[in-house]
Amino acid sequence: MKRFLVAMLLAALATVAKAETVEIRIDNFTFSPAEVHVAPGTTVVWVNADDIPHAVAANDKSFKSKVLDTEERYSRTVAGPGVIEYFCSLHPHMTGRIVVDGGTGGPAGR
Amino acid sequence: MDNHTSPHVDRSADQIDPGRRSALRCMAWAGTGLVWTVAGGVPFAAGLVGGGAQAAPAAGLTFVQISDSHVGFDKPANPDALATLREAVAGIRDLPTKPAFILHTGDISHLSRDEQFDAADQTLKDLGLPVFFVPGEHDVLDDGGGAAYLARYGKGPNGKALGAGWYSFDHGGVHFVALVNVVNLRGGGLGTLGEDQLAWLAGDLKSQVDSTPVVVFAHIPLWTIYPEWGWGTDDGARALSLLRRFGSVTVLNGHIHQILQKIEGNVAFHTARSTAFPQPAPGSAPSPGPVKLPAEKLRGALGVTTVTYRPKASPLAIVDATLG
Ligand SMILES: [Cu+2]
């Protein structure tokens, strides 16, 4: 029984690790952080914290969110490895990138 | 007078009309005597340029530019953007000279929703005047990427609009060109006209003689104002080069929710105020987001633009007036 519980716990931990989530806030017409390094399988969540709508679109057109009004969010699970460049399709001077690599984790840069 | 395309913040900033009850500011256009006047503050009471007298009913063509009504916007910077659009419409109705028509330079709606377009249309309909539209980026953010705008306005005024909704028409001896620079935007870029539209523009202008006054209107400024905030059009210079041979070109834009102006050669550039909320002067804030003013100051930062063209003799006059 004890062994079974430990196995359950380990399985749960593994699930948590696999379903890692990274949040990118959109505020002041900026993606923050503008660059993230994540492991394959990570779910990236964009949250619009601005008082103007924004949208998230991949440069290679592989994905595009609906318009995100204030406090709305969009999420995407990234495969990888590779680099995903994206921008706001409403305000294309707003750009960001997701580096899907071995999973050095967390935000890189600032 | 600014004769450079330089987007220097200082220069742009000091061109902004400072607000209520500022003196008339005139810019003489050497050569053909085009004069612009921007009147800050006194709603619809500013004298038209030239005589310096109070506005007498103007002979010639008068039309009104209205921009960035953002119907549906309800954030603190303006909890009721439809109400301020209604006030703008009431102000237009009270103009001493009844305008021939209205140009709406985009961001009619805030989120491209049918009910937002409906409310804007109903409000503008009260004027009983033709309204010529171009879309802003807020009008093409439906899932269809502008399908909602095209379904409603896509035929243009004469059934001849093409592509994302560009068209031209003639009125009172002036050639009007409506351009769309808010679709198919590229990451890291600015506004875009695109090859198809530029080719159409070249063909459209071919049938016009150099002496025809041309008014071009589009949402995002066709000149580079502040690329860090996306305030410019990547291929705008190509459109402007097609317009260079004309003796009188007026470029009317919106998008930046404030008055900026520049005269370069024969081309006069002007951006209009929003009827919904102001935005900061280029580079003066961390981002171009809505400026929250005290409630009693909001209407002084919103407004519409009246343009008068008088054939021969007289200058083209542009008068900006606030809502309150
Ligand atoms: Cu945006």
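The chain as shown is numbered from 1 upward.
Any Cβ shown, glycine's included, is placed from N, Cα and C.
Bear in mind that TrEMBL entries carry predicted annotations, made automatically and left uncurated.
Per TrEMBL, the feature signal peptide maps to A:1-19.
Per TrEMBL, domain 'EfeO-type cupredoxin-like' is recorded for A:6-100.
Of all Cβ atoms in the protein chains displayed, 29 besides its own lie within 10 Å of the Cβ of A:C88 (Cu cation binding site). The Cu cation binding site annotation in TrEMBL covers A:H54, A:C88, A:H91.
In terms of DSSP helix, strand and coil, the domain 'EfeO-type cupredoxin-like' (A:6-100) has 13 helix, 42 strand, 40 coil. Look at the Cβ of each of the binding-site residues A:H54, A:H91 and count the other Cβ atoms within 10 Å; the largest number goes with A:H54. Residues A:I26, A:F29, A:I52, A:P53, A:A55, A:F87, A:S89, A:L90, A:P92, A:M94 surround the recorded Cu cation site, their Cβ atoms falling within 8 Å of the Cβ centroid of A:H54, A:C88, A:H91, which are themselves excluded. Averaged over the domain 'EfeO-type cupredoxin-like' (A:6-100), the predicted model reaches a pLDDT of 88.
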